[in-house]
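Novice: Sharing the record's features from TrEMBL:
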- 4-94: domain 'PE' (DOMAIN)
- 226-310: region 'Disordered' (REGION)
- 419-442: region 'Disordered' (REGION)
- 497-516: region 'Disordered' (REGION)
- 524-560: compositional bias 'Gly residues' (COMPBIAS)
- 524-576: region 'Disordered' (REGION)
- 566-576: compositional bias 'Pro residues' (COMPBIAS)
Amino acid sequence: MSFLFAQPEMLGAAATDLASIGSAISTANAAAAAATTRVLAAGADEVSAAVAALFSGHAQTYQALSTQAAAFHQQIVQTLTSTAGAYASAEAANVEQQLLGAINAPTMALLGRPLIGHGADGAPGTGQAGGAGGILYGNGGNGGSGATGQAGGAGGAAGLIGHGGAGGLGGTGASGGAGGAGGWLWGNGGAGGNGGVGVAGDPGGVGGAGGAGGAAGLWGSGGSGGTGGQGGVGGGKSGDGGTGGIGGAGGGGGWLHGDGGAGGHGGQGGTGVSSGGNGGAGGTGGDGRGLSGSGGAGGRGGQTGVGGKVGENNFGGAGGAGGTGGLIGNGGAGGNGGQGAISGAGGAGGNAWLIGDGGAGGNGGDIRGQGGGAGGAGGAGGQLIGNGGTGGAGGTVTSPNGLGGAGGAGGSAGLIGHGGTGGAGGHSAQGPDGNGGIGGAGGAGGNGGQLYGTGGTGGTGGKGGDGFGVFGKGGAGGTGGRGGAAGLIGDAGTGGTGGKGGTAGEDGTGGNGGTGGNGGAAVLIGKGGGGGAGGNGGAGNDGTPGNGGGGGVGGTGGTLFGQPGQPGPPGQPGPA
């Protein structure tokens, strides 16, 4: 076979020459047009007029043909010019590939890894790991998905500069692959792969865990954890649904700067013939680790699967804890708990390290059953400067006699800072029949800094559920949370207000209001916290009204200087 060789420089020069020729011809045609297309007759006779018309007609025809030829000539010039550019681009790309090949050849031979370039992706269905990125520059390849029962492939690591590859999806019932590490100098960690769905059976299989996020190097953020797989479907005559997979942990942030990755969400429980599966727990957020950077947020807990004969009577997954902040940085927020017959608790907020605020606690899961999830505790503030995180709210319930979830405690400060506010207790909603449930207790306020800082306010108690039907009783309101203690210098926190009692059903008894939380104590200089107000009683609905809750006790003042806190006012009894 013969080959055609092209020189882009010669093609470009030919195009330039042709353009010059075309320009010269066009100039000559324009100069001759005036003298040849309008020839005057030599005399007034008919012969002279006919001769002049003949020459003028020939000239006009020539000019028309010249115009068409010029357009065709211009097309040839454009074709040559574009062809020269295409050959030049191809030649440059070929040179680049040859240059990269020459540069990468020694490291490929010695280490099996290029110096510059991205890693190859793992093949789908093999669980193959992604290839490593170039030693100097390049992203890691993504991991391949796993076959049935096979974990997803890990993402490839970057070299000096680049991002880690994402982990592969886990096969049926198997874990997702871990995310690849970010570049040593700069780059983010790869995301963890999602877990595979659990195997269907009697009972259904557990969903695969999400893969962990990859860690960053010197500068960059950690990768997020993968989501846990859904639990397998329960089969047979009474098969329960499988438990959802656990969410993957977030990757750590860079050692110099970077936030931790978010934890993966827990997988949902599988659908069951008898009962649904439990939700999977959320993954923990990655730590800030380095000089500066915040912790990653915890993953949300998975909700329970749908049940058949028994219903949805299992547990929602707990929310993942937030990651710890870096030397300077905030703690990550805790994940919310998953819904269920007994809902999952919210994850605790991450602690700050030296300077920074603690993360907020996650909210407890709302429920369709007997118990709302407790709110997660707020994270502690930095050991030097920083405020405590707010506690998460307790979950709300919707069933008769159900208990609202307790609010999470506020986080305490370190040396200087304010305590976090306690989370509110969960409300207990009206049930379909019978008595209302009890509201959840409010969380305690966090303590102020050891040297200076105010205590956090206690959380409000949850409302009691309303009674339903004749003689249905309203539920009691939740107790308010205790106020946080002050530091050496500072005012203590106020106690939380008690929750309102639920309204009675027809001719029933209203729920009593919750007791207010006690005020926190001051230490050396500062005021004691006031007691929280008692909750109001629930209406009797032509029956007996509920009593108001008692007010909280005021906290003691500072031993050197400071007034004690005032007691909280009692709640009002409900109307008849």
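Note that Cβ sites are derived from N, Cα and C of the backbone, with glycine treated the same way.
Quantities reported herein were computed from a predicted structural model and do not represent experimental measurements.
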Novice: So if I exclude everything within five residues of the ends of the compositional bias 'Gly residues' (524-560), which remaining residues of that chain have a CB under 8 angstroms from its CBs? That is, six or more out.
Specialist: 454-455, 458, 461, 464, 466-467, 471, 474-486, 488-518, 566-576
Novice: Let me spell it out: take the compositional bias 'Pro residues' (566-576), skip the flanking residues so only those 6+ beyond its ends count, and list any with a Cβ under 8 Å from a Cβ in it.
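Specialist: Residues 495, 497-498, 500-501, 503, 510, 513-514, 516-517, 519, 530-540, 542-554 contact the compositional bias 'Pro residues' (566-576) from elsewhere in the chain.
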Novice: Tally of helix, strand and coil residues over the region 'Disordered' (497-516) according to DSSP?
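Specialist: Helix (H, G, I), strand (E, B), coil: 0 helix, 2 strand, 18 coil.
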Novice: Looking only at the compositional bias 'Pro residues' (566-576), how are its residues distributed among DSSP helix, strand and coil?
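Specialist: Split into helix, strand and coil, the compositional bias 'Pro residues' (566-576) gives 0 helix, 0 strand, 11 coil.
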